[in-house]
Amino acid sequence: MNILDHTYENQFGEILELIKSTRQRVLKTVNTELIDLNWNIGKLISENCAHNNWGESTVEKMSKFILEKEPDIKGFSPQNLWRMKQFYETYFQDEILAPLVREISWSNNLLILSRTKDRNEKEFYIRLTIKESYSKRELERQLESGFYERTMLSGKSISPALKEIHPNINNVFKDNYVLEFLNLPHKYSEKEFQKAIISNLKDFILEFGKDFSFLGEEYPIQVGNEDYYIDLLFFHRELQCLVAIELKIGAFKPEYLGKMEFYLEALDRKLKKNHENPSVGIILCKTKDKNVVEISLSRSLSPTLISDYQTKLIDKELLSLKLKEFFDTEDERSN
């Protein structure tokens, strides 16, 4: 780049950011208009079904009428028109969700509408989609992996220090992660585990959360005359801190915690910037004994989370059953 290029680089960058931000606002406006259109069509169909005896044949006639008058307009098949009615009837009395559904795409709204069982689950996925800016494929994957059920059932293995530094940590990390996209064989080494994650980093970040920014694998930290290597190092934008992840292909062992404490202290002294929060550690194990984890963390001064992982998708019906049992137990305790 020559001197002239350097002179204008900042101004050109400003213009580029202006273009990008304006495009995002335009797309958001277009999406809101589309959702409003489908909402209003759904409302008209719902009201006419209730008061003017509209039924399947009437809606089918309306679909044909639209196609005949405007053959270039797509998306108004009888099935889609009934979905608009269902969409309106699901949310029109809900003061909280009605404005939120306008912030996500129509395709994502349809996924949530058809794949969730109750209002709580709908709200969970709507808010998650807004927060993470999910594409249709990404949202579909989270639905298939039982993200809602796993989150509700999660009994976070979090150190007291981590809870103190980040009181809302339960909304950021999970107790269990599903890594089916790694396509690991029945037996694998920690190196193979790490390599598979790096090869599927986009999906790994989707499972952990889009606020994770990857900094490196086998990240070197020098202490004294020795070099130490952190399996995976990320920066979390919401928490404003470094996140060290150690990978284990077996059960959690108490000695893993001491090693993580060492890494976090080294990161805070050598890499953390003054405005950033203390570094956080995740020990990702194949399995963990809750009693061993609880005792290990009870006196730990290190902000660490101990999670386990699955390499296959968990049966969603089984997760739903477990969630129902969980809520039934909670109801019994409160009565």
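Note: Cβ is positioned from N, Cα and C throughout, glycine not excepted.
Taken from TrEMBL as is:
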type: DOMAIN; residues: 14-150; note: domain 'YhcG N-terminal'
type: DOMAIN; residues: 171-317; note: domain 'YhcG PDDEXK nuclease'
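Under DSSP, residues within the domain 'YhcG PDDEXK nuclease' (171-317) fall into helix, strand and coil as 49 helix, 48 strand, 50 coil. The domain 'YhcG N-terminal' (14-150): residue composition by secondary structure is 110 helix, 0 strand, 27 coil, according to DSSP.
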